[in-house]
Amino acid sequence: MSKYKSDLPNDEKLENSDRRKFFGKSAAFGVAAAAVPMSAVMFSSMAKAQAAEASNSTAVHPGDLDEYYGFWSGGQSGEVRIMGIPSMRELMRIPVFNLDSATGWGLTNESKRIKGDSAHFMTGDAHHPHMSMTDGRYNGEYLFINDKANSRVARIRCDVMKTDKMITIPNVQGVHGLRVQKVPETKYVICNGEFEIPMNNDGKASLEDVSTYRSLFSVINAQTMEIAFQVMVDGNLDNTDADYDGKYFASTCYNSEMGMTLGAMITAERDHVVVFSLARCEAAVKAGKFKTYNSNNVPVLDGRKGSKLTRYIPVPKSPHGVNTSPSGKYFIANGKLSPTVSIISIEKLDALFDDKIKPRDTVVAEPELGLGPLHTAFDNKGNAYTTLFIDSQIAKWNIEDAIKAHNGEKVKYLRQKLDVHYQPGHNHTSMGETRDADGKWLVVLSKFSKDRFLPVGPLHPENDQLVDISGDEMKLVHDGPAFAEPHDCILVHRSKIRTAKLWTRDDRMFAETVAMAKKDGVNVDTDNKVIRDGNKVRVYMTSVAPMYGMTEFKVKLGDEVTVVVTNLDMVEDVTHGFCMINHGVQMEIGPQATSSVTFTASQPGVQWYYCNWFCHALHMEMRGRMLVEA
Ligand code: CUK
Ligand code: CUA
C-alpha cells in the first residue's frame, strides 16, 4: 500500500455525516410541520428529499465527493482518465503512451526515462486498465494498461497517479488483452499478443509461410516490470482473465484458422479458449524447458496443442471477451459472432489438466443472449451483464439459472434487456472484477453516440453510459460523451485509494535528476546555478510562487540546454510550469517535485520562459530570460 495517508473521510465517517444531514433535514421539516400545517409543496419537497437519500442517486452536489474512482482507458489517445462515479465527472488525465502538452509527459527527461526504449514514440492505443490486487481485492497500489499500437505495457502508481514503468513486449505484435493475477496477489500481469508473426521475425525466414507464425501469451513480473516468461500457443489471442485461486489464466482466440484475411479468419465454426496452468508454466521455466527467439533472452514455453502447460476448450466462432465471475467459479467467454456465451467451470479445470475429462466437459452452459456478445460484468447476486454489440443492448441474466436451463430445467435465465446508445463494447460493474463486486453501478462504453449529443461534425464522441443496477431492473441514468474510444474501465471504491497531496523529495520519479545535480555539486532544494559542460548547459532553478529562483541565464546558440526546476512550494495544488517560448518546451512541476527538460537553444537573442500553470496573483510575472549569444 502507499505510504500516503489521505484525509478522505472513511466510510464510517461518511455514513455518519450523511445520516447527520438526513436527520438535520427531517428535524427542520419536523419543526416546520409543528408550527404551521404542512402545505402540499412542503410535503412533496420533503418526500423528494427522502427519496433522494434512499435511492442509488447519481447526484453529486457541489462540494460533495464521488463514491467510486473510475479508471478509463483513453483508447487511441494513449492516455488513462480518472472519472468520478456516479457523477461521471472527469477528474484527471494520466498521460501514458501519448505526448501531453500540459504536463510535458513524453518531453521531460523523467518521462523519457520511464518510457525507456520507446521514448521516441508519441502514440499509443490504450485498452485495458486493471488494478493490482491482494486476495482478489483491489489493493490501490498500481494500475496496469496495455498499448496495442506499440506492443507495450505500462504501470501507473496510484499514490501520485503518474506512469512509472513501461516495457515493450518482445516477440509479439499488438498487445491486446491484459489482466492481473488476482490471488494470492498480483505477482504477475498477463497480456496477449494478438497479431501472429513469424518466429523468428527477423526477415530472413519466409515471410509468406504462415505455418511459422505464432502468437504469445506474456507473463510480466508486476514489481520489476520485466517479462517472467511467454507461452507460445496455437491460434491468436484476444482477451484474457485470471481465476480466484491463483492457478489458471484463460484467453480467447478468434483466429484459430491462422487466416491472414478477414474471410479466412472466420471460416471455422469453433475457435477456442486457451487455459494456462501457472504452476506448470513456472515449473517448466525452472526446469529450463524453454527456447529463446529474436536474439533476446526471454524464456518462451511451448504451449501449443498437446502441451502439458495449456488446454484448448472449443467454443463457438470468434469469441471476444473473457470474464471471471466474482464467485470464482466460472470463466465466461463472450461469443461475438455467436449469440451465446460459454460458461467454463473453473472447478473442472484440474480434471481437464489431468486428462480425466474432455475440454468440452468444462463448458457447463452456453446460454443464448442476443447478437454480438462482447464482454460480461457481474453483480453480487449471481447476475451477469453482457454487452450485445449488434443489438445495442445489455442482457442481464442469471448464471446459475442458465446452467439449470442447460441441464433441462424449465427456468428463465434472461432477466432483462436494456437498450443502450449505441454499439456497446466493454461494460464494467462497481468492483465487479473482484470479490467485492457490490452490484450498484454498471458503466457501458458505447462506441457510437449518434443522436445523443449536440452534433460536433463527422467525428462523434463515444457515449459512456451509467446504469443503476441496484434494483431488480437496470435503469439508464446518465449519458457521458467521451473522446477517443474508452475501450474498458474499472470502478474502484474510493476506500481503496490513498493519494499524495504533495510529492516527497525522495520520490523515485526524479531521483536520477537529483543525482545528476549532486554530481554537478548542486543541491536542487536550495541552489540556482548554471553548469557548463562543453556545449551542454545544465540550468538548475527553484520555484516558489510567484518566482523562479533564476530570472536570467546565458547560453550560446546551438547549446544543448537542460532546465531543471524544483518546486519548493509546500502548498497543496500550487503547481508551477516551465515553458520556453518558441522552443516547443513545456512541463508541469508539482509541489515538492523536480522536473527537467532538455532542448537546443535554436534561436539567438532574448528568449523568455514563463510559468504556464496558473499559480498566484502574480503568475503573469513569473518569468525569466534565456539570453542566447550568436
Ligand atoms: S477490446 Cu475494445 S470492445 Cu480491446 Cu477489450 Cu472488447
Ligand atoms: Cu508559477 Cu504560474
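Cβ atoms here come from the backbone N, Cα and C positions, even for glycine.
Keep in mind that TrEMBL annotations are predicted by a computer and have not been checked by a curator.
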Task = Would you identify which residue of MET587, MET622 TrEMBL lists as part of the Cu cation A1 site it also attributes to HIS576, CYS611, CYS615?
result = MET622
Remark   = Within 10 Å of HIS487 (Cu cation Z4 binding site) (Cα basis), scanning binding-site residues HIS128, HIS426, TRP613, I find HIS128, HIS426
Ask   = Hey, for the Cu cation A2 site built from CYS611, TRP613, CYS615, HIS619, who else sits with CB inside 8 A of the CB center?
value = ALA545, PRO546, THR575, HIS576, GLY577, ASN612, PHE614, HIS616, MET622
Candidate nearest TYR254 (Ca(2+) 2 binding site) in space, where candidates are the binding-site residues HIS127, HIS375, CYS611 and distance is Cα-Cα = HIS375
Message = Out of MET265, CYS611, CYS615, MET622, which of these binding-site residues shows the lowest number of other CB atoms within 10 Å of its CB?
response = MET265
Ask   = How many whole Å apart are the CA atoms of HIS128 (Cu cation Z3 binding site) and HIS320 (Cu cation Z1 binding site)?
value = 14
Note = binding-site residues MET265, HIS576, CYS611, HIS619: those with Cβ under 6 Å from an atom of ligand 1 are none
Residue among binding-site residues GLU257, GLU462, HIS576 with Cα closest to the Cα of HIS320 (Cu cation Z1 binding site) = GLU257
Query = Nearest to HIS619 (Cu cation A2 binding site) by Cα distance: which of the binding-site residues GLU257, MET265, ASP271, SER318, CYS611 is it?
reply = CYS611
Task = Among HIS176, CYS611, TRP613, CYS615, these being the binding-site residues, pick the one whose CA is nearest to that of HIS426 (Cu cation Z3 binding site).
result = HIS176
